[in-house]
Every structure is written in structure tokens, then in C-alpha cells.
Amino acid sequence: MEHIISGVAKFQKEVYPSKKAAFQKLANGQNPEVLFITCADSRIDPNLVTQTEPGELFICRNAGNIIPPHSNQTGGMTASIEFAVAALGVSHIIICGHSDCGAMKGAINTEGLSSLPHVKEWLGHSRVATEVVKEKCGCAELNNNDHLGLVIEENVVQQLQHIKTHPAVAAKIATGQVKLHGWVYDIESAEIKTYDEATGSFKPVEDTDVETLAKQSK
Ligand SMILES: [Zn+2]
């Protein structure tokens, strides 16, 4: 914990002074362009991997980057998504899964979660991904060696479906005001793959994507 406290002191003394104007501008409001939903895993730093600054990403995190389908029961994800989309007016939503995801390992092996009842219940929202992978592979059971990567990708695809059930999101998508993006981040190589709805597959982010996005946002 000591290095956390000394980190705060370093931030205040060394980092803050060089960015004081930016923080003063942010002090009275935020206008993020992107709602970034990812796993709570400690190895993911959304601002680092996207090279963005405070104020640019509205970030929601949980185990497994899961978005429960809309229901009339209020939860933290539901409220945060509604606020980001309907109040802040974000124009992009990125759902970002990642390599070696412990939550997806849990979704594959739910029997190992008997001492973690809430985790087990939460990962029920990823069951759709494990069932799809089982069907595609023709396997009765999944395992981490052969199927983890597929489950991680399929979970992102299914959470993209779940978020569309949220009324605020559906309304903005229907009118072209919000675009959805599915990503998988590889911790070891820093590669980020994006979901291509047309082909139903993930492909690496390339320079061409950056150019296309730049044109779209003009
Ligand atoms: Zn994870």
C-alpha cells in the first residue's frame, strides 16, 4: 500500500502541475465521446491502451465485461449505461474483453464457483456465450485450453446484443447517434481485435480502421 500513497504524492507534486489547465477545465463538467465497458481485471488500463486522457472515456467495469439484458430491476450497469448514453450523450460504446479472462474461465467451469455464489450468478449472463461456443464446436463440455479464446470473443458478441436491449441505447442506435464496437485486448501482445458484424469475426485494428473512423466522425 505504501507505493500507492507515495504515488498520490507524486501525482500531486509532479503530474498535476503539468496538466493543471486540463484538470481545471474538467473540474466543472465532462463530455466524453466514448462509453468504455471492460473487465475489472487489474491488467487492463483503458486510458493506457487507447492513449486517452481523463475526461475522454466514461468507464464501466465489472467481472467479465458483462451487460445484463435490460429489465425493470435497476442495477449499477443499467444506471451507468443510461446516464452515459441519455445524459452525457456518448457517441460510441466499446465493449472490451481480454485474453486470460478469469471471469470467462469461471463461465466455462461454473462448478468451480460453488464458494462464490454471486460470481456464479453474475456469470449466468455469459452462459449464452458458452452455449454458442459449445454448439459451434460440437462439444458437450468446454475447457480453457481449447475454448477460452472463443468464449472471450463470443461473450463480447453476446454483450453487444444485451446492450441493444437497453431502451436508451436502442433509441440512439436507431437514430444513428451511437455506434457499438466489440473489442478483445491481448495482454501479452497489446493487440486489439475488433468485431466485424458483416463477417461475424474478429480482426486486428488496422490503420485503415483509423482512417475510416476519422472520415465517419467528420
Ligand atoms: Zn476478465
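Each Cβ is built from the backbone N, Cα and C atoms, and glycine gets one as well.
Automatic prediction, not curation, is the source of TrEMBL annotations.
Taking a C-beta cut-off of under 8 Å and a sequence gap of six or more, CYS101 (Zn(2+) binding site) has these contacts in its own chain: CYS39, ASP41, GLY64, LEU148, ILE152. What TrEMBL records for CYS39, ASP41, HIS98, CYS101 is Zn(2+) binding site.
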**Request:** For the recorded Zn(2+) site formed by CYS39, ASP41, HIS98, CYS101, name the remaining residues of the chain with Cβ within 8 Å of the site's Cβ center, in chain order.
**Result:** THR38, ALA40, ARG43, ILE44, GLY64, ASN65, GLY97, SER99, ASP100, GLY102, ALA103, MET104, ILE152, TYR185
